[in-house]
Every structure is written in C-alpha cells, then in structure tokens.
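Straight from TrEMBL, the features:
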- R358: substrate binding site (BINDING)
- 45-365: domain 'Aminotransferase class V' (DOMAIN)
- K208: N6-(pyridoxal phosphate)lysine (MOD_RES)
Amino acid sequence: MSENLDVANPYKVGKKFRVTPVRLFGAGPGNPSVEVLYNMGLPTVTAFNTEFFELMDEIKELTKYVYQTKNPITFVAQFSGNGGNECMATNLADPGDTIIVACSGVWGVRLANMARRYNLDVIELQIPPGEVYSFEELEREIIKHKPVTLFMTHGESSSGVLQPLDGLGDICHKHNCLLAVDAVASVGVSPLLVDRWKIDAVNGGTQKGIGAPPGMVLMSFSPRAQERMSKKKHPPPYIFDVLKHADVWKCLGNKVDYIYTFNSGMLAAIRQALVDLCEEGIENAWARHQKCSDLFVEKIKKLGMWHFVEKPENRFSGVNCVCLPKDVNWRELVEYVLTKHELEIGMGIGPTANKAIRVGFLAQNAKPELVDLVVKTLEDAISYCRSGAGTKDASAKNRYVFYV
C-alpha cells in the first residue's frame with residue numbers, strides 16, 4: 001500500500017458483480033419491462049438542458065392521469081415510499097399539531113414514528129388484522145381529537161387490505177382536516193381517484209403497480225393542502241420541501257428552482273412505465289390486477305391455502321397475503337422457491353409475520369399465465385417441504401434473507 005494512503009484498495013482484479021435473474025412475485029418491487037430498463041440506461045441529461053424539463057413536463061401530465069387529478073402541485077421526488085410519507089407528514093403539519101394516523105399494518109406505524117420525530121402530536125389508531133376502518137369510526141376520532149391531517153394507507157402491503165376512501169375526504173373537510181394517503185403500493189393497481197375522492201395529498205411508489213425501479217415517488221397535493229403549506233410556521237426539512245419541489249417542477253408558474261441533482265435515467269424509466277400504463281388505460285390496469293388476484297386466490301384453494309384477509313371486499317389485489325397449510329414451513333418454502341425456481345415471493349411482516357406469505361402480481365407481472373406459473377411453483381414447493389428433503393439439503397438455504 002502507498003505510504004500516502006491509510007486504507008488499502010479492496011478491489012480484486014477481474015472480480016465482477018453479477019445478479020441472477022429472478023422473477024419478482026413478492027410485495028414489490030416487481031420486474032420492470034425491457035423498455036423501462038432500456039430507458040434507465042439512456043445518456044444522462046442535466047437540469048441545464050431543455051430536454052430535461054421536457055421529460056419532467058411529460059412525467060407530470062402522465063402522473064396526473066394515473067392519479068386522476070388536476071392538482072397543479074404534482075411531481076416526482078427522488079426518495080423512497082417512506083420518504084414520500086415523511087414528506088407529507090412534515091409539510092402538512094407543524095410541530096405540536098395533532099394528526100391521526102389510522103394504521104392497518106406496518107406502514108402506518110412507521111409513518112406515525114416519523115411524525116413523532118418531527119414533534120407532531122400523533123394519535124395512532126389500530127384495527128384488527130384484515131379489517132378496514134369505517135367512516136363513522138374515523139369521524140368520531142376526528143371530532144374527538146381535532147387533527148389537522150388524517151393519514152391513511154390505501155393498499156397496505158403488510159396485511160393485504162385495501163382501505164375504502166371514497167367519501168372520506170368530505171368528512172375530513174367538514175371538520176377542517178386534510179386527508180393524506182399512502183398509495184405507495186396501490187397506485188396503478190387499485191382504483192384511485194384523487195380529485196373525485198377529495199384527497200389532499202398522495203404518495204405513490206414507482207416500483208409496484210407503476211412498473212419502474214424503486215427510488216422515486218409520485219406525489220400530488222391539492223389546493224387546500226397548498227394553502228396549509230403556505231401558512232406553516234415551521235419549515236419542513238429542506239429535502240422534503242414540497243413548495244420548493246413545486247418550483248423545480250414548474251407547478252405554480254414561479255421561477256424554476258433547483259433542489260438536488262435528479263437521476264435522469266430513473267426519470268426516463270418512470271416516464272416509460274407511465275407511458276405503458278397510459279397506453280393500456282388506467283381502468284384496464286386496475287381490472288387486470290384484480291383479475292390476476294382473484295384467479296390466484298381461487299387456484300390456491302386446491303393447494304390447501306387461503307387468504308389471510310377473510311372478507312373479499314377488504315382484500316388488496318396488488319399483494320395477496322395467503323396462508324400455507326399448517327404442515328408446511330414457510331421459511332423452507334420461500335428458500336426453495338428462490339433457489340430451485342429463481343422466483344421470489346415475500347415473507348409476512350407486521351400483522352402477517354409468521355402467519356402468511358405475500359404474493360404480488362404487479363405491473364407487467366400481472367398476467368394470468370404468470371399466475372399459473374406461481375401456483376405450479378407453490379405446488380412443487382409444498383410437495384418438497386412435505387417430503388422432508390429440505391431438512392437434509394443445506395445448499396438450498398443460502399439466498400433468502402429473513403427479517404422476521
């Protein structure tokens with residue numbers, strides 16, 4: 001090692017990083033299409049090039065269609081789904097303000113944790129796994145606590161429930177409360193009508209129903225939310241400042257601003273994924289996801305499996321939380337599926353931890369023929385687990401990383 005350096009060069013000559021191609025049928029991300037991946041590799045474009053803003057303008061309009069909104073403040077931000085939720089929390093309330101977070105799984109709990117770190121007064125509601133909130137229950141809590149914002153998770157990927165929202169915006173506005181929605185998992189998957197349902201803030205992931213890689217979020221804020229943000233006493237963290245993002249994306253007609261360097265390849269990939277959705281038609285995409293979910297739930301019955309969410313009307317079509325026969329070890333099963341079939345399914349987390357596996361048919365993976373593939377794979381895996389071979393085959397237990 002050179003005497004001028006303190007850390008040795010760790011690079012091994014000739015060593016390359018390789019990824020084994022895997023079909024992703026967990027709770028997300030899914031597999032982006034070839035076209036989306038191609039666009040991600042396009043030449044880098046900077047914010048000093050008019051082509052960059054042409055790309056942003058198109059993404060903005062495509063996002064409005066997918067969300068069914070005319071909100072001027074609609075943009076893509078360069079952080080994860082959790083970052084989008086923290087962005088909503090820190091922009092729609094000031095420290096000391098009361099908010100309600102209606103939790104139906106781990107993502108609501110995490111949002112409540114984020115909000116407490118910002119010194120918000122968080123009222124955290126809980127509900128039995130598999131259930132959804134009634135509007136009457138939510139209105140009682142709003143009247144009791146007088147929050148400035150109600151936060152809901154639309155499609156909860158940890159518990160497999162889909163929370164109804166149509167009509168909730170009217171209730172919130174009647175009590176001078178904003179409605180903010182985590183649609184990270186549900187955008188592009190389930191019906192989501194932002195303007196019609198009077199949603200004030202929405203955050204959607206790129207990596208699930210949209211069909212792009214993870215790393216950015218689609219965000220939209222109503223004029224009512226804009227008014228609230230303009231009157232904030234305490235500025236949000238710089239990286240989460242919605243009004244600054246709005247100027248970057250030319251949402252309000254102000255002078256174009258700069259917040260950080262965007263990954264133009266990711267933006268191009270998101271544009272292509274949104275174009276694919278728009279060419280199909282958003283209603284057709286919703287129907288396709290529902291059809292695949294229904295088909296899967298019906299076909300697994302012959303395997304002795306059942307849906308974790310008892311009531312069909314409460315089920316989220318993007319992520320199916322399903323229970324295995326009691327004599328099948330779920331850890332052994334997901335290991336085998338990944339190692340033998342190069343197919344990844346998700347373990348349960350939060351309400352479904354050690355109770356269910358999570359199987360998602362998202363974006364381009366929401367196809368009947370892929371449902372058949374997954375069902376056949378599960379059938380083989382169940383037979384393998386019952387044979388006892390897994391306890392003797394240590395080589396099959398090296399790839400899946402367990403968080404529970």
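Every residue gets a Cβ built from N, Cα and C, even glycine.
Considering only the recorded positions K208, R358, the Cβ with the fewest other Cβ atoms within 10 Å is that of R358. The DSSP secondary structure for K208 (N6-(pyridoxal phosphate)lysine) is coil. Annotation note: the residue listed as 'substrate binding site' sits in a strand segment as assigned by DSSP.
Distance between Cα atoms for the residue listed as 'N6-(pyridoxal phosphate)lysine' and R358 (substrate binding site): 14 Å, as a whole number.
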